[in-house]
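According to TrEMBL, the features are:
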type	residues	note
MOTIF	A:36-46	motif ''HIGH' region'
BINDING	A:37-39, A:43-49, A:Thr234, A:263-264, A:271-273	ATP binding site
BINDING	A:Asp70, A:Tyr215	L-glutamine binding site
MOTIF	A:270-274	motif ''KMSKS' region'
DOMAIN	A:596-698	domain 'TRNA-binding'
Amino acid sequence: MPINDSAFSTDFIRSIIAEDLKTNKNNGRVMTRFPPEPNGYLHIGHAKSICLNFSIAKEHRGGVCNLRFDDTNPSKEEIEYIESIKKDVKWLGFDWEDRLYFASDYFEQMYQYAEQLIKAGAAYVDDQSADEIRLTRGTLTEPGTESPFRNRGVEENLDLFRRMRAGGFPNGAKVLRAKIDMSHPNINMRDPVMYRILHTSHHRTGDKWCIYPMYDWAHGLEDSIEGITHSICTLEFEDHRPLYDWFLDRLGVYHPRQIEFARLNLSYTVMSKRKLLGLVKEGYVTGWDDPRMPTISGLRRRGFTPEAIRIFCDKIGVAKRDSMVDVALLEHCIREDLNKRAPRRMAVLRPLKIVIDNYPDNLVEELDAVNNPEDPAAGVRKVPFSKVIYIEQDDFREDPPKKYYRLAPGREVRLRYAYFISCTGVIKDESGEVRELHCTYDPATRGGDAPDGRKVQGTLHWVSANHAVTAEVRLYDRLFTVENPSAAKDDAEYRSFINPDSLQVLNDCKLEPALGEAEPGEIFQFERMGYFVADSVDSRPGRTLFNRTVTLKDTWAKIEKAQVRKQDSNVAKDKEKPAKHETGAAPVGEEITIDDFSKVDLRVGVIREAGLVEGADKLIRVMVDLGEGTLRQIFAAIRRAYHEPEKLVGKQVVVVANLKPRQMKFGLSEGMILAGVGKGALSIATFEGKLSPGDKVS
RNA sequence: UGGGGUGUCGUCAAGCGGUAAGACACGGGCCUUUGGAGUCCGCAUUCGGAGGUUCGAAUCCUCCCACCCCAGCCA
């Protein structure tokens, strides 16, 4: 392994640029551009491109990056988007200085270039309709055929083109086409359209134009006019590069270099404008800036910082292979950033009341709490403590499982920055729900340290009941339940991937008093709970709402999950987790109850047939061999995870064999297949190895 | 069956003929008044596959396989 002596490793684009610099290709200039079409909001995928383009420019002496709106299609674009895009780029921390450009500013110049091409016999006016053009373009494997108008004379073309500009023809009547090669293996080269007639006013040029340039024609010209050295775009434009080059070469003008990289895909979300717009329009989210959206405005409202997003874009790298970045990396980046800067506060999200019996009735103590252990300069604050406090419901268990360090009857824990308390009594309501706890405190442990050196395992956050600010807190989770929702084969399936629990609203949260004065946009760490930002849209004076940005890493949750998993497989197996919670209605498992798990009869089954069930979008019908001579029919609500049931055939599964057969609308279901949810994905329990149908599983 | 791309750890990603960086995730230890943070350790005998060239191949050659993109008067 050679030591990387020269600088640090760079991506392939930076290598190309370094090489160009070395050969003095552009006289030492580096100029890039970020060219959004103003027809939607920017998302994290755009952030990757923004960071790339602006950072590359910044890395070189004299390098600059332009912000250019590619506004060549007046029917799709709106001013609202221009403003949001400018705001987002700025917020991300990048500066285009005085280089804010619009493709529409070059329309006249482009027009002149078009006449130049016509005069050179390299472009012609075609009278064919859109349909005719499509039909004569050929297919991927067959060449196209030439337009009957292809060989018009230069004068006629010029005249027609000028009349197109003058408004002499209705929409669609004519187009200007480049005269290249109708049998070119690259479809983009089969006489591509350069101009179309659109009698639509443009948000910047008004009614000055009724012909508008197409992307392929316009983009290279924009780059050339601005003197861009490296025109960086995404992979799907790779096929367009020959055309980009063709136009520029034919014109004999300055010729930037187009370089393509793979766009960002993020797990558990979608990135296409169309899909994002769909989520907004169909009301799955409240808007483009909904905190669940991967848009820059959504992330901002969620509590993400520009620094975290930039670090993320840096960490994911730049390459040409299609990839899917784990959203856990994004979460890591925001945690890392916020850990250093977010002030800590105490907030009880799901309150459980505690009365400290031996604490003086009317005493209120102001205790010191550290604002940020990572940053001594952040100082300390006072937190009021009194006889009645709230702790998190989840921080008490009447019957604590193994490794549970928190409060339980008879247990002593520390209240952060306050006292050790011991649980002496539990008050429940009629339904058996724990309503209130009684505890005693040890006055000697004020501040949280025991003079006798005794230790407690758990430290809980708390809020004094009398001083608490009651507030709404919104808990956000991923928008989709599957890693790659875009892989859905149709709309219905796509919709079924949407996470119904992506937003949970908590109305009765108890916050420490200092949080009452939070300004919109301020970010805090609620100790032990996560990072939260004061919402900047729905907050009202005196009534601040908080959005959860991301949870803290939760070791206990992991342990508990592992325990449950262990129970599932060891103890009485079952617990029949099959899809039930995840798929909503679970026609199979719902009514089946087994009091004693030891009675469950688990058997090896081999799936012999599997298919979809007509009229049930969650079910799959399988025929399972349990070695009984006949196959058993089982309906399992696992379609979400197995879109192609055929692939289940031959798999060994665990079947609960001694259930009472259940009559369903679609037929008799004679058993149940074990399935579980891991990492958010539903899957059936399966295994390799030589086992025979009907073998007992233990 | 045309053209253009891409295949290195679960996920990103270095590597450019000298014997597989790093990050996230995951597992484990230490530490801890956040089961947070921090810290330490582990985690690809192998680079889509098969041949070949070479003292030496993820890197070069040949063939094969898989995946992505392209038939808007969208960008």
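Backbone N, Cα and C atoms are what each Cβ position is placed from, and that goes for glycine too.
Heads up, TrEMBL stuff is auto-annotated, nobody curated it.
Here the features listed in TrEMBL are painted onto the structure.
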residue: A:Glu37; record: ATP binding site; contacts (Cβ under 8 Å, 6+ apart): A:Phe69, A:Asp70, A:Asp71, A:Thr72, A:Asn73, A:Lys76, A:Glu77
residue: A:Asn39; record: ATP binding site; contacts (Cβ under 8 Å, 6+ apart): A:Asn73, A:Lys76, A:Glu77, A:Glu78, A:Tyr81, A:Lys273
residue: A:Ile44; record: ATP binding site; contacts (Cβ under 8 Å, 6+ apart): A:Leu264, A:Leu266, A:Met271, A:Pro294, A:Thr295, A:Ile296, A:Leu299, A:Ile309, A:Phe312, A:Leu330
residue: A:His46; record: ATP binding site; contacts (Cβ under 8 Å, 6+ apart): A:Phe34, A:Pro36, A:Asp88, A:Ile296
residue: A:Lys48; record: ATP binding site; contacts (Cβ under 8 Å, 6+ apart): A:Arg263, A:Leu264, A:Cys313, A:Ile316, A:Val318
residue: A:Tyr215; record: L-glutamine binding site; contacts (Cβ under 8 Å, 6+ apart): A:Asp70, A:Thr72
residue: A:Thr234; record: ATP binding site; contacts (Cβ under 8 Å, 6+ apart): A:Ser49, A:Glu260, A:Phe261, A:Ala262, A:Arg263
residue: A:Ser272; record: ATP binding site; contacts (Cβ under 8 Å, 6+ apart): A:Ser486
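Outside the motif ''KMSKS' region' (A:270-274), and at least 6 residues removed from its termini, the chain residues within Cβ reach (under 8 Å) are 39-40, 43-45, 263-264, 294, 479-480, 485-486. In the three-state DSSP classification, A:Glu37 (ATP binding site) falls within coil. Counting residues per DSSP class in helix, strand and coil order gives 2 helix, 0 strand, 3 coil for the motif ''KMSKS' region' (A:270-274).
A:Asp70 (L-glutamine binding site) has a Cβ environment of 20 other Cβ atoms inside 10 Å. Within 10 Å of the Cβ of A:Leu264 (ATP binding site) there are 22 other Cβ atoms, across all protein chains.
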